Amino acid sequence: MSKRLFTSESVTEGHPDKICDAISDTILDAMLTEDPQARVAVETVVTTGLVHVVGEVRTSGYVEIPQLVRDTLKEIGFTSSDMGFDGTTCGVSVSIGAQSPEIGAGVDTSHEVRGSSSTDEDDRQGAGDQGLMFGYATNETPEYMPLPISVAHRLSRRLTEVRKEEIVTGLRPDGKTQVTFEYDDAGTPVRLDTVVISTQHDPERTQDELRELLSEHVVGHVLADESLKPFVTEDLNLLVNPSGSFILGGPAGDAGLTGRKIIVDTYGGMARHGGGAFSGKDPSKVDRSAAYATRWVAKNIVAAGLADRAEVQVAYAIGVARPVGLYVETFGTEKAPVEDIQRAVAEVFDLRPASILRELDLLRPIYAQTAAYGHFGRNDLDLPWERLDKVEELKKAVGGN
């Protein structure tokens, strides 16, 4: 049996790119609170002492963007210039323009409605852009996520928890985690090989102290879960701040940008990605809503016992309501013919944008909570695309062939 090692990473909410995702999604949520039909595309850039918010918006509401930016930074933990960034005193610049009327028209009145006499309301809304989106699920974990990204997220969330609750003192907001699992030839995880923890910290903290404290309170805490014990061996390779001191972090260490952690946001590299980011985009943008919908589809396929792993691709043309492509991949793990599974998916799930918005109830301020620690497999959140409400319909549709 060959030794195959697969790695996924996560980052904490204090990572510069994740700061930007949080700001963009906080602004989005505020706009959806004021106007559920708001069209929002907000990008954030952070650098030393300064936050830039840019984008295009169409809304009947008003939100105080600079205050939202400062509140988000302080909630993450950037409250002092001593750590290189202070949400109270940093500069905030805002450059928000109007959504292109041509894009807006294509979303409001789809190609189908403009070109025919269709009276189906779900045909009225066109896709906000062309593109391809992927959803994925696997039975490796109870949350139907790949094990490496699941554990990486648990570690990064715990790293933030011990900082905020002062279980470990002297930590700062920026941090990253990475895990490597050994897989057998059947594609099953068999052993945890390497864990990497990098965390920003106060100058007074030594690396020996950090290794001891994080080994106990972060790594040990997470790996004590009964479901993970079979993967842990004595030869686990644990690396804590392997580059040495990490005092300067956050925006003072690296500039950050919305949408630059798309693999962290999804499946840790275990599945394909269409390239579109999520944060700062209202759900008329299929980059976001269709990626959520295909996760919903894939998760229900696996939960229905139709495959051990499932990846679903959907594709759209701008201004067109009906998808131009649907593709189901089961990697040889299917329990029924793939063509029957794909036919059942097309029968059970309506992937037109208007239907996705209605079925998943997406015109709500639910997005800021997803800005860090992944958009999928979040048992700590009540996310509509994680529901297993189509399992029986899929079974019936496949069985009725």
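Cβ coordinates are placed from backbone N, Cα and C, and glycine is handled just like the others.
Remember, it's a predicted structure, so these values are computed and weren't measured experimentally.
Annotated in Swiss-Prot:
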- HIS15, ASP174, GLY175, LYS176, ASP254, ARG260, LYS261, ALA277, LYS281: ATP binding site (BINDING)
- ASP17: Mg(2+) binding site (BINDING)
- GLU43: K(+) binding site (BINDING)
- GLU56, GLN99, ASP254, LYS285: L-methionine binding site (BINDING)
- 99-109: region 'Flexible loop' (REGION)
- 101-132: region 'Disordered' (REGION)
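With respect to GLU56 (L-methionine binding site), the closest of these binding-site residues in Cα terms is LYS281, chosen from GLY175, ASP254, LYS261, LYS281.
Measuring Cα to Cα from ASP254 (ATP binding site), the binding-site residues that fall within 10 Å are ASP17, out of ASP17, GLU43, GLN99, LYS285. Other Cβ atoms within 10 Å of the Cβ of HIS15 (ATP binding site), summed over all protein chains shown, number 29. One residue stands out among the binding-site residues LYS281, LYS285 for having the most other Cβ atoms within 10 Å of its Cβ: LYS281.
Ranked by CA distance from LYS281 (ATP binding site), the binding-site residues ASP17, GLU43, GLN99 have GLU43 at the top as the closest.
Neighbour count (other Cβ atoms within 10 Å of the Cβ, all protein chains): 23 for ASP17 (Mg(2+) binding site).
When the Cα of ASP17 (Mg(2+) binding site) is compared against those of the binding-site residues GLN99, GLY175, LYS261, the shortest separation belongs to LYS261.
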